[in-house]
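*Asks:* Can you keep this structure in mind? I'll have questions shortly.
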Amino acid sequence: MYGSVMDLLWVLSVSMLTVCVAIPMDAAAGSHSLFTCEPITLRMCQGLPYNSTFMPNILNHYDQQTAALAMEPFHPMVNLQCSPELRMFLCALYAPVCTEYGRMTLPCRRLCLQAKSDCYKLMDMFGVGWPEEMDCNRLFPDCDEPYPRPADLLSGSDSTESPISVQRDYGFWCPRELKIDPELGYSFMGVRDCSPPCPNMYFTREELMFARYFIGVVSIVCLSATLFTFLTFLIDVSRFRYPERPIIFYAVCYMMVSLVFFLGFLLEDKVSCNAASPGRFRASTVTQGSHNKACTLLFMVLYFFTMAGSVWWVILTITWFLAAVPKWGSEAIEKKALLFHACAWGIPGVLTVTLLAMNKIEGDSVSGVCFVGLYNLAALRWFLLVPLGLDVVVGVALLLAGIAALNRVRMEIPLEKENQEKLVKFMIRIGVFSVLYLVPLLTVLACYLYENSYRAIWETTWVQERCRDYHIPCPYQVETTSRPDLVLFLIKYLMMLIVGIPSVFWVGSKKTCFEWASFFHGKRRKEYALIWKQCGCLTSTEEMRF
């Protein structure tokens, strides 16, 4: 029996550690746009042999305004006429001739090499480097024709007379306001160097304010409940032995979780969001990665203790199983305490370090904390849904086996009436505690699954609503639009916090009241036991235990 239990622990450890393998975490979220030939508005490209262009260009500028900003460093070289080929070469890249859909016309390599050779020294004087995306030897065809070619001008004139509508999947284009310095390693909707807007992209400021105070109140309630459980344990450590000792560590984990959410309530969005930079045309964005030390610390504490709390619940079901099926005593179970602690703290530690190494920390603009899986669906699946789902399956299986064994003992072995009543009460407490834990945890899992299913639709809807404000491609042929309901998020946060409160129901008893009374009044326990017995509050058996 011992060997089977150890095998079960090993399978649990290995199964949870498999989520730490290298997983491609960036999933692109595509969107569709409608583009046509349009007149050239770039000042540098006026008066060319062609007068219409097509966006996006070869450098992935989605409109002429963006292309004009990218061309600004080259203006001095064009004005000084360092090369007769430079102006045409730049316009061929930034405002290419509009041809029929499906053709991408590039200037010849000779044009690129000539422009680079003529202007290289002058560019060096102005501190302008030759961009990598304009590498002459890699990108451009080996030919010796002028730009644009006669065939391009013919199709371009046809397009100008009767503009064609081009439908194509361009994906999500990161607005200039949401762009982030490349060295930070941010990503949003599959686009690098981009971050979600802050405040939250789905809710109004009034809704966010209500949600923040709601989370703050619930975190205070949970913090008070779990702190009471932990302090009750400290008053009399010997009272809570195995198999019920894991409840104390479980309470400690959720005490830390509620503390982090309370700190998020106090900090508002100071940690979870980056400050806006109007001078650089940057809006306030969600914090990502480990460059923000405060955000990293909140993430480490919150994720580590969330995972540790769920593992401690699994260990609690294991200890109940050992006590019910092979009839292990408290001393025998306690000998395995080191193994329990290694699993309960080691597995969450490995998962936390893995996320830090993968730089998958994300700020939560609703609660003010930092967590994982808020915008990255792959991280949500592998680092939240899989570990928590595995904990539920293993824990419920062991719990049902233990309860079945206790029920068999009650039915088959003749017990004294008092002992049988104690066994029934113990089984009821196990059942109530398990339901009070499982219902919130399963609700949280359901919320995560719902987010996983609808996040892409929410993001497409957000792009459709804000694309004109951000000057990015708008979606087209969107069959379904949807915005998340604030109630869904409130339920998720409520259940993440309320899952720690059941520990109070386990320690809540007359015995606990007696211990707190003797602690505050500083009197001997025997004196209080006598008083409580005289008033009928304690049985003689309970008095002997004191």
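Just so you know, glycine gets a Cβ as well, placed from its N, Cα and C.
Automated prediction, rather than curation, is the source of TrEMBL annotations.
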*Asks:* When you check TrEMBL, which of C20, C82, C91, C98 turns out to share a disulphide bond with C37?
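*Replies:* Of the candidates C20, C82, C91, C98, the one TrEMBL pairs with C37 is C98.
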*Asks:* Do you know which of C91, C108, C119, C136 TrEMBL records in a disulfide with C112?
*Replies:* C136
*Asks:* For C45, what is the disulfide-bonded cysteine listed in TrEMBL, choosing from C91, C108, C119?
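*Replies:* As annotated by TrEMBL, the paired cysteine is C91.
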*Asks:* Answer yes if the transmembrane segment (382-406) and the transmembrane segment (213-235) have at least three CB pairs under 8 Å among residue pairs 6 or more apart in sequence, and no otherwise.
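*Replies:* Per Cβ check, the transmembrane segment (382-406) does not touch the transmembrane segment (213-235).
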*Asks:* Which residue, of the disulfide-bonded residues C37, C91, C98, C136, has its CB surrounded by the fewest other CB atoms within 10 A?
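*Replies:* Relative to the other disulfide-bonded residues in C37, C91, C98, C136, C136 has the fewest Cβ atoms within 10 Å.
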*Asks:* Distance between C45 (disulfide bond) and C98 (disulfide bond) at the Cα atoms, whole Å?
*Replies:* 14
*Asks:* Whole-number answer please: how many Å between the C-alpha atoms of C91 (disulfide bond) and C112 (disulfide bond)?
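*Replies:* It is 12 Å, counting Cα to Cα.
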*Asks:* Just to verify a number: CA distance, C98 (disulfide bond) to C112 (disulfide bond), in angstrom, no decimals.
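*Replies:* C98 (disulfide bond) to C112 (disulfide bond), Cα-Cα distance: 20 Å.
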*Asks:* Cα distance, C112 (disulfide bond) to C37 (disulfide bond), nearest Å?
*Replies:* 25
